[in-house]
Amino acid sequence: SLSKLQLKTGDLDPRLFSRLRHLQKLDLSDNLLDKFPNSLTLPDLRVLNCNNNKLEDVTALKQFPLLEELTYENNVYLTLNDDYKVMFLLQNLRLLNGKDITKLANHVRRVNSHKLTSKVTAHWKKFFSDQLPEKYTAEQVKSIKKKFLKSVQTNVVYGPSSLSEFTRWRVKMIAEEFLANSLGLELNSDTEPEEKTDENEEESTESPREAAEDVAQVGDFSSYISNVTVTPSKRKRNHSKSSPGNKRSKTQANTEEEAEEDVSAEPLHFLQCHSKGNSREDFKTQLWSCVFEPVLDSGARKDPIVSSSRTVATCGGESVCLIDCETGTVLKKYKVATEEFFSVAWTTLTMVISDSRKKAHNILAAAGRRGIVKLIHVAADFCYGEIKAHKKPIATVCFSPTQETHLFTASYDKRIALWDIGIPDCDYNFKASQLLVLETASIPLRIALVPTCPEQYLLAGCEDGCFAWNIKLDKGQKSRPFEAIFQFPGEESLTTSHRVDGLAFLNDDVVVSKSSKPGCIYLWSWSKSFDAKGKGCQRTMSAVILAELEWSTTDMSYLTLSTCPAKEYVFCGDEKGSVWMYNLSTYTTGWGSPKGKRSERRISPTQILTWPELRVNGEQPPEILVNNVVADPAFTYLVVLTSVNITAIWKKS
């Protein structure tokens, strides 16, 4: 028994364990193990207990071929897919988590394997057998192997969607064996976990679940746009002031300095993963919001990218998806048949899982038309609760950067509410409470907390202006009117009345906002515009404009903007599928100085990424609006959400 010793994976020394050649029972319960080393070599092990650990993968258990009894309850990352994997890998296993699995395991090993083998073989014969010439080069073999493995994992479907990860894992294994045995094509076995290496997931045939069935499922459906022709094209701006007539013309860089500003982003993936009823013909579902997952310091995720996360949550229609930007894999999909999701936001909560041990976990909040916030523990594939926040749709949500349980919800009921969502216990019981209600004069569309004082001031872009509230909780007053409304240059004079559908901070002080004035994005100073010393509410203040960004002349609303503060970039999509990118690093120092002057002329985009020539089944998609575009904190990936149910992922090269 090695129970309750705070053991981590590195503490299991193979040199020591390999000497325990007659050990039959091993108890490793109540430790901190996230995986098993591959070479423990316990050749006679029959009974293994790993309850209450942090295991993320079970495939290393195949090194114990005589194992008869296995328990690994309360390992939050293990799912039904892992149960099926151990049933297949351990031929002598009788008891799994206290249940007799003999019958089911036989079915998994025999019937399931037979069916999948038939499907894999048929897939080869139908689509690939005539692609390999009689005399072939190593390069041709490599190419066809890669294509076949990708295709077979995408198209071979069997069993319920909740087992899709196991099915993909087995299909890949069977396909590799088939290529090696039948065709003599030896494969270098890929040791990467399946979640990361798959470029695709299969379409499932299950009907949309009712709203009550809110458990997130891995691999419901993701679809690459089939038969895609992609021709990337990029446009650069020269910095001469252009007249409105030639705003959208193709221009070339005139100087070496401008040539260096080429951002060089290439299209990586085009995904159609928010389709209503999993329909491949759905090019109408609007995609609205995306946020990159925070990196957990503890490295709990299976693929921690140390510098920046590559996992993004996207929402639109009835679903929320979790996408690996590098591989284009839809890692998870969560669906509510009666919902239309408008906004998602991440927070990291320190939760007690068992034995009073605490661990950081990422929680995703998703909200939309029904006015309900869904709280999802992503690693556990579990929607553990909901908050009935508003009686009208929720336009946007965001978490406080300093108080991890504080969530703001902005609704069509003309209110912004602050909630404490609480921390769920080991049984996912939690208590949410409303702390504050901010009254808005019109529908709030975008919200941002002021970076220098996120517990004191909130800024909101609304249907009829830009407003600020004092949100300090020690004031006692639970329902509050706005403290300030900002006026901006209008057609002829200053105006407060305009739709603000884009709002974000570029750094601690510079606000970026987009209004209904065509062709213009404003950059303005929070500290120079907001008079914190003034008394009273509902004061009018003039926004101190630092610069204007040249943008599309469209009058189309709700094409929102975003910023990448670490790289000092602003992004905004337009009505033609293009992404306008502005590198403002050469301007910010000047704006931040006490005598910071306004940039006299409009700042042209550093680069415009134009929508590639993308043909779906031979046809161009209809009019493409870019509703949202977001970069990860390190600006490695750019995720573009469109009005035609296509998520485009660009990678900075």
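From the backbone N, Cα and C atoms, a Cβ is placed for every residue, glycine too.
Among the features that TrEMBL reports, compositional bias 'Acidic residues' is placed at 189-205 (among others).
The annotation compositional bias 'Polar residues' is assigned in TrEMBL to 241-254.
According to TrEMBL, the compositional bias 'Acidic residues' annotation covers 255-264 (among others).
Here TrEMBL flags 2-174 as domain 'Leucine-rich repeat and WD repeat-containing protein 1 LRR'.
Regional average pLDDT for the domain 'Leucine-rich repeat and WD repeat-containing protein 1 WD' (264-652) in the model is 89. Look at TrEMBL and you will find 264-652 tagged as domain 'Leucine-rich repeat and WD repeat-containing protein 1 WD'.
The region 'Disordered' feature in TrEMBL is assigned to 185-213 (among others).
Here TrEMBL flags 232-265 (among others) as region 'Disordered'.
If you look at the repeat 'WD' (387-421), the same-chain residues 6 or more away from its ends with a CB under 8 A from one of its CBs are 289, 342-350, 363, 365-373, 375, 430, 432-449, 451, 454-455, 458, 460, 469, 471. According to TrEMBL, the repeat 'WD' annotation covers 387-421.
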Helix-strand-coil residue split for the repeat 'WD' (387-421), DSSP-based: 0 helix, 20 strand, 15 coil
